[in-house]
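K.L.:
So that we are looking at the same thing, I have put the structure below in C-alpha cells.
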Amino acid sequence: MEGAFILEKLILVVIVFTISLVIAMYSTLAERKIAGFMQDRHGPNRAGFGGILQPLCDGGKFFFKEEIIPAGAHKPLFILGPTLAIITACISSAVIPWGQTLTIGEREVALQVADINVGVLYIFGVVALGVYGIMLGGWASNNKFSLMGAIRAASQSISYEIPMGLSIIALLMVTGTLSMGEIVAQQSGFVNWNIWAQPLGFLIFMVCAFAECNRVPFDLPECETELIGGYHTEYSSMKLGLYMFSEYINMFVSSALMAALYFGGYNFPFMYELGLSQNWITIIGVLVFFLKIFGFIFFFMWVRWTLPRFRYDQLMGLGWKILIPLAIANIVLTAVVIVVKDTYF
Amino acid sequence: MSLFYFVAFVAIFFALMTIFTKNPVHSVLYLVVTFFTLTVHYILLNAQFLAVVNFIVYMGAIMVLFLFVLMLLNLNGDTEPMKSNLVKVIGVIAGMCLFATLLGAFRVIEPSNEIVTGNTDIGLVKHLGNVLFNEFLLPFEISAILLLIAMIGAVLLAKKEVKEIKKA
Amino acid sequence: MQSLSNRKKVIEQKPMNFWERMYLPAIAKGLGITIRHFFKKIPTVKYPEEQRPYSKNFRGLHSLKRDEEGRERCTACGLCALSCPAEAITMIAAERTKEEEHLYREEKYAAVYEINMLRCIFCGLCEEACPKEAIYLDGPHVTADYVRKDFIYGKDKLVEPVFDITKLNPEKTN
C-alpha cells in the first residue's frame, strides 16, 4: 500500500474520531437544552454564551472527581467495562460513508474510512459487541443493582438485535448489496431513498436502534428510579464519563446509520441538476448528511422527553411478539413485491 | 504467514486459558477472545462474510448468553462438584480419541490438495450464496429445518414448565 | 348508590381497538405536545441579570432613617421592640452629649439597636408603632449567611447612609 493512501485514511480516521467525540460532547448539552425548552425553561446557560462551554466544564469535572473502585469489585473487569464500551462505540463509525469523493489536486479522496463489502454486517457485529462493556461493568461492580442492569442490558440487546437484523434483511433484498458505500450511492436524488421502499422496515429499525442505544423508552439497563443507575451505579469519575460518552456516540452512529440506510445519506434532491462541480456536490452532501444526523439526534432527544419508560415484560413482549413477526412479514412482503415486479414489469 | 502463526498462537493460548482458568466468567471471556482470533483467521482466508457472521453469532450472541447465564448462577470454587479420578481418566481417553480422529482426518484431506485450497474468493458473500443455493441446496435446507425443529423444541420446553407451575 | 347531584358519570373501560393498541397515534400526539412546548415562551426569569419588580407594599430589610440634616431619627423609646410580635428587636438607650447634636435628632438615642433577622417575621408592626418615623421595612431581601450570629443586624447594617448633596455627581442630578 502506498504511503499517501495510508496518510489519507489516517487523517480521515482522526477527523471522524474528533467529530464523533465533539458531537457526543455537545449532545450532552443539546440534551439538557432540549429538555429545558420542552419543559418551558432555559437549561444550562451559565458557562459561556448560552451555556456553550458546559460540556468542557462537565468533562473537567469528570476528570477531577475521585476515582472509586469498590472493595468487592473485580478490578480488571471493572476497568475493562467502560473501555470496551467506548471502543466499540468509536469503531462502528468506520464503514459509514460520509460523502462522495473529493478531488484534491490529482487525488480522488473517498470520504469513507473503509468500504468493506460486508459493511452492514460489520456494524451489527460491533453493536453486538457493545453489550459486553455494559455486562462486564455491571457484573464486576459486585452490586445487585448493577448486575440487574447488566442482565437487563444483555437480554434487551439480544432481543432487539433480531428484529433489527430482520428489518435490515428486507432492506438488503431491495438494495442487493452489503456494502454501505453502494447502498448510499444507489439512493441518489430523492425518490430513490430507501424510506419509500421500506417504511415499515425503517420503523422497526428505528425502534430497535432506540433499544440498542439504551435510550428512553428502552433505558431499562440504567433506569434511575428502580436500579439507581443500573450498570453504572458503582462507577465514578471518568469511567462513568466514558459510559455516558459511549452512549452518546452510539446515538450519533445509529443516527448516521438511519440517515445512510434509509434517508439517502449524503444524497439530496436535485444534486446533479444544479450544475455544480463534483467537489461542491460532495461538500454540500456532507453537510446534508450531518443535517440528517442532527435531525435524528434531535428526534432521539425529543422522544426521550416525551415518553415514559417501558415495563420490563412490555419491553420483551414488544420485541418478541410484535417487532419480530412484523419484521418477518416485512421480509415476505418485500420478496413478493420484488418477484411480482421482476415478472410483470 | 508470520501473521498467521501469531494469530494461531494467540488462539491456542486463549483456548488453553479457557480450559485452565478457575473462574467461569474468565473462562467465557477467554473463549470470546478465542472466537475473535478465529474471526481474524477467517479474514486472513479472505472469507469476510464468514468472519463477520462468526463475529456476530458467536461473539455477539452466543457468548453473551453464556455470560448471562453464568452471571445469574454466580458459580465459584465452592459450588464446583467434586470430580472423581475415574471421570478424569475417561476424559483423558476421550480427548485422546478425538485428537487421533482429527489427526487421521487431516492426513486424509492433504491440505495442499487443489480441491481444498480451491477458489480463494469462496468466502465472499456472492460466491458463498451461489454455492450454498446451487451445489449444497439440500444440506443447507436440511440444516435450516434442523434449526427450526430445535427452535420449536425450545419453545415447547419453555411452555411445558409454565403449565406445570400453574397446576402446582 | 343513587346520585343526589345528578352529576355522577359512569365511566366504562372499553377494550382498546386496533388503532389504539398500535400506540403510534398516541405517541405522535405526545410528541406533538412536547414540540409545542419547545417553541413556547419561557417564563423563567434569569435572576441576577433580570429581576422581577417588587410589589409596592413589599416589606424587606429594615432601615433606620435620618432626618433632612442627616441626623438619626430614632430616640430609643422602645415602642418598636414592644410591638414586635416575634421579640426580634432589642436596643440600649444613651443620652446625647453636646458634641453629638449633629448626629442625633433627639436628646435620647439608641446606642445599640439590634434586630435578629432569624426571628423577624417582617410584619411591619415596628414601622407602624414608631412615633418618630425612624424605621421602615423598605430594603431588599435579607441575604443568606453561614452562622446564626451574623443574622443579628446591628446599627452598622440598619442605619441608612448619610445623604450628602455635595458628593452627588452634578451630571447625574440633571
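Here the Cβ of each residue, glycine as well, is placed from N, Cα and C on the backbone.
Automatic prediction, not curation, is the source of TrEMBL annotations.
The following feature annotations were taken from TrEMBL:
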{"type": "BINDING", "residues": "C:CYS74, C:CYS77, C:CYS80, C:CYS130", "note": "[4Fe-4S] cluster 1 binding site"}
{"type": "BINDING", "residues": "C:CYS84, C:CYS120, C:CYS123, C:CYS126", "note": "[4Fe-4S] cluster 2 binding site"}
{"type": "DOMAIN", "residues": "C:65-94", "note": "domain '4Fe-4S ferredoxin-type'"}
{"type": "DOMAIN", "residues": "C:111-140", "note": "domain '4Fe-4S ferredoxin-type'"}
K.L.:
Sequence-remote contacts (6 or more beyond its ends) of the domain '4Fe-4S ferredoxin-type' (C:65-94), Cβ cut-off under 8 Å?
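P.N.:
Contacts of the domain '4Fe-4S ferredoxin-type' (C:65-94) (Cβ under 8 Å, skipping residues fewer than 6 from its ends): 101-117, 119-121, 123, 125-126, 128-136, 159-160, 162-164.
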K.L.:
Find the one among the binding-site residues C:CYS74, C:CYS77, C:CYS130 whose C-alpha lies closest to that of C:CYS84 ([4Fe-4S] cluster 2 binding site).
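P.N.:
Going through C:CYS74, C:CYS77, C:CYS130 one by one, the closest to C:CYS84 ([4Fe-4S] cluster 2 binding site) is C:CYS130.
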K.L.:
For the domain '4Fe-4S ferredoxin-type' (C:111-140), give me same-chain residues lying six or more residues beyond its boundaries with a C-beta closer than 8 angstroms to one of its C-beta atoms, as numbers and ranges.
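P.N.:
For the domain '4Fe-4S ferredoxin-type' (C:111-140), the far contacts come to 59-65, 72-77, 79-94, 105, 148, 151-155, 158.
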K.L.:
Including all protein chains displayed, how many Cβ atoms other than that of C:CYS126 ([4Fe-4S] cluster 2 binding site) lie within 10 Å of its Cβ?
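P.N.:
Result for C:CYS126 ([4Fe-4S] cluster 2 binding site): 24 neighbouring Cβ atoms inside 10 Å.
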K.L.:
Across all protein chains in the structure, which of the binding-site residues C:CYS74, C:CYS84, C:CYS120, C:CYS123 has the highest Cβ count within 10 Å?
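P.N.:
Counting every other Cβ within 10 Å of each candidate, the maximum falls on C:CYS74.
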K.L.:
Please report the number of other Cβ atoms within 10 Å of the Cβ of C:CYS130 ([4Fe-4S] cluster 1 binding site).
P.N.:
20
K.L.:
Restricting the comparison to the binding-site residues C:CYS120, C:CYS123, C:CYS126, which residue's C-alpha is spatially nearest the C-alpha of C:CYS77 ([4Fe-4S] cluster 1 binding site)?
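P.N.:
Answer for the nearest of the binding-site residues: C:CYS126.
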K.L.:
Select the most exposed residue of C:CYS77, C:CYS80, where exposure means the fewest other Cβ atoms within 10 Å, treating these as the binding-site residues.
P.N.:
C:CYS77
K.L.:
Find the shortest Cα-Cα separation between C:CYS123 ([4Fe-4S] cluster 2 binding site) and the binding-site residues C:CYS74, C:CYS80, C:CYS130, and name the residue that gives it.
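P.N.:
For C:CYS123 ([4Fe-4S] cluster 2 binding site), the spatially nearest of the binding-site residues is C:CYS80.
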K.L.:
Taking only the residues in the domain '4Fe-4S ferredoxin-type' (C:65-94), give me the average pLDDT of this model.
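P.N.:
Averaging the confidence scores along the domain '4Fe-4S ferredoxin-type' (C:65-94) gives 89.
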K.L.:
Given the [4Fe-4S] cluster 2 site residues C:CYS84, C:CYS120, C:CYS123, C:CYS126, which other residues of that chain have a Cβ within 8 Å of the mean position of their Cβ atoms, reported in sequence order?
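P.N.:
So the extra residues in range turn out to be C:CYS80, C:SER83, C:PRO85, C:ALA86, C:ALA88, C:ILE89, C:ILE115, C:ILE121, C:PHE122, C:GLY124, C:LEU125.
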K.L.:
What is the set of residues, excluding C:CYS74, C:CYS77, C:CYS80, C:CYS130, whose C-beta falls within 8 angstroms of the centroid of the C-beta atoms at the [4Fe-4S] cluster 1 site?
P.N.:
C:THR75, C:ALA76, C:GLY78, C:LEU79, C:CYS126, C:ALA129, C:PRO131, C:LYS132, C:ALA134, C:ILE135
K.L.:
Tell me the coarse DSSP state (helix, strand, coil) of C:CYS80 ([4Fe-4S] cluster 1 binding site).
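P.N.:
Helix, per DSSP.
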K.L.:
Mind tallying the domain '4Fe-4S ferredoxin-type' (C:111-140) by DSSP state, helix then strand then coil?
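P.N.:
DSSP classes over the domain '4Fe-4S ferredoxin-type' (C:111-140) add up to 5 helix, 8 strand, 17 coil.
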K.L.:
How big is the gap, in Å, between the Cα of C:CYS74 ([4Fe-4S] cluster 1 binding site) and that of C:CYS120 ([4Fe-4S] cluster 2 binding site), rounded to a whole number?
P.N.:
19
K.L.:
Whole-number Å distance between the CA of C:CYS130 ([4Fe-4S] cluster 1 binding site) and the CA of C:CYS120 ([4Fe-4S] cluster 2 binding site)?
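P.N.:
That comes out at 16 Å between the alpha carbons.
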K.L.:
Work out how many Å separate C:CYS126 ([4Fe-4S] cluster 2 binding site) and C:CYS80 ([4Fe-4S] cluster 1 binding site) at their Cα atoms, rounded off.
P.N.:
4
